[in-house]
Amino acid sequence: MSPQTETKASVGFKAGVKDYKLTYYTPDYVTKDTDILAAFRVTPQPGVPPEEAGAAVAAESSTGTWTAVWTDGLTSLDRYKGRCYNIEPVAGEENQYICYVAYPLDLFEEGSVTNMFTSIVGNVFGFKALRALRLEDLRIPPAYTKTFQGPPHGIQVERDKLNKYGRPLLGCTIKPKLGLSAKNYGRAVYECLRGGLDFTKDDENVNSQPFMRWRDRFLFCAEALYKAQAETGEIKGHYLNATAGTCEEMLKRAVFARELGVPIVMHDYLTGGFTANTTLAHYCRDNGLLLHIHRAMHAVIDRQKNHGMHFRVLAKALRLSGGDHIHAGTVVGKLEGERDITLGFVDLLRDDFVEKDRSRGIYFTQDWVSIPGVIPVASGGIHVWHMPALTEIFGDDSVLQFGGGTLGHPWGNAPGAVANRVALEACVQARNEGRDLAREGNEIIREASKWSPELAAACEVWKSIKFEFAAMDTL
């Protein structure tokens, strides 16, 4: 080492470990309109001050590492570092805090959810100084939002493609989810669509297994769809699951779906990955396909209250990455979903501008500028008695998806679809006449069942089915 180098080292660099809070805790920082803002629920290890914990999150998810390094002097850390700018104790919780972190926009590649998540929810979640860490919300600034295509088409374009307005759309997941041959699968699709449903759906588990290869399924489902359309005069769709082991295979399946002329395909966006999902979303926009998104694996990430990532963040990420539908819980069915919180992220999916509202778990005002909206899908353990509540909770721009609630009808698949369609039309008519669905829902269904034997049979089968468990995802 030359004497000149030694002199520079002694002046410009001091080795050792520094407290994160000296650099990354900046309570006087005024956030910029271009910053990505994050709200983390932080549970520090005993003895770790909240300021140090919040600063550690900001550091490890941006420019920091565990020790001072030579190359810090070769860039401007003040320009690129994340900053913990506010800390709030969580009411009713001991040693737990909401730490707000601001990230400069230049830290992230344009149009890449993958890159954004690699930083913000990357290695920092394994940091030893923290007992637990959960990302509660993100504010995506318009400057970053505009670098994404977003959903292939959006709510209004889908309505226009289907020529269906003024009511929720109806769907059904084909059951049993695994084991049917392609021809029997197509038969179930036809019966459900003929009975009055708008969509049927591949289960997320269905890709291309030995009992039913994807090409056979696509062919029989397309035949079923066209036959049902010819008989009902309505445009129908089946969510053909294009999820595959490689992006190339996924696109091959999407191309075949387009060649068949079907209106919609499907992707499991978490198990498939954001890079694959964005790739498929771009293909769907370019080729006129709607894109249905399933959220398989989300509960691994979002169900624990103290660690992981809230679904509202995954919902925002999906709106950026691209999808025209996404499953969003039901509030009333068998799957997790507390009402105010669910409606909070439903608004984040559909609306152009959403104000901060902590009572619904929304930590930041979100402006989506020109990104189209996503239709929420209510699915999981729902049946005809739930129809008034679902119509009231989710409104018209939604898909109400009944799997067992269609195929479990005692008279068969088509009568099950008829029962759901009659129940929906009755609820929409009652709402439009000014009736209170929340208070009069059961009576509305009983009245409709008097002139629909299919609905009456469904009401009798599911009159005592309830899923009354407390939601784990509370504020």
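Just so you know, glycine gets a Cβ as well, placed from its N, Cα and C.
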Candidates Arg213, Arg215, Arg295, Arg303, the one Swiss-Prot lists with Asn123, Thr173, Lys177, His327, Ser379 as binding substrate: Arg295
Of Lys175, Lys201, Asp203, i.e. the recorded positions, those within 10 Å of His327 (substrate binding site) when Cα atoms are compared: none
Number of other Cβ atoms within 10 Å of the Cβ of Asp203 (Mg(2+) binding site) across all protein chains: 18
Under 8 Å by Cβ from Thr173 (substrate binding site), counting only residues of that chain that are 6 or more apart: Thr200, Lys201, Asp202, Asp203, Ser379, Gln401, Gly403
Cβ-based isolation winner (fewest other Cβ atoms within 10 Å) among the recorded positions Lys175, Lys201, His294, Arg295, His327: Lys175
Rounded Cα separation (Å) that holds between Lys175 (active site, proton acceptor) and His294 (active site, proton acceptor): 16
Residue among the binding-site residues Asn123, Ser379 whose Cβ has the most other Cβ atoms within 10 Å: Ser379
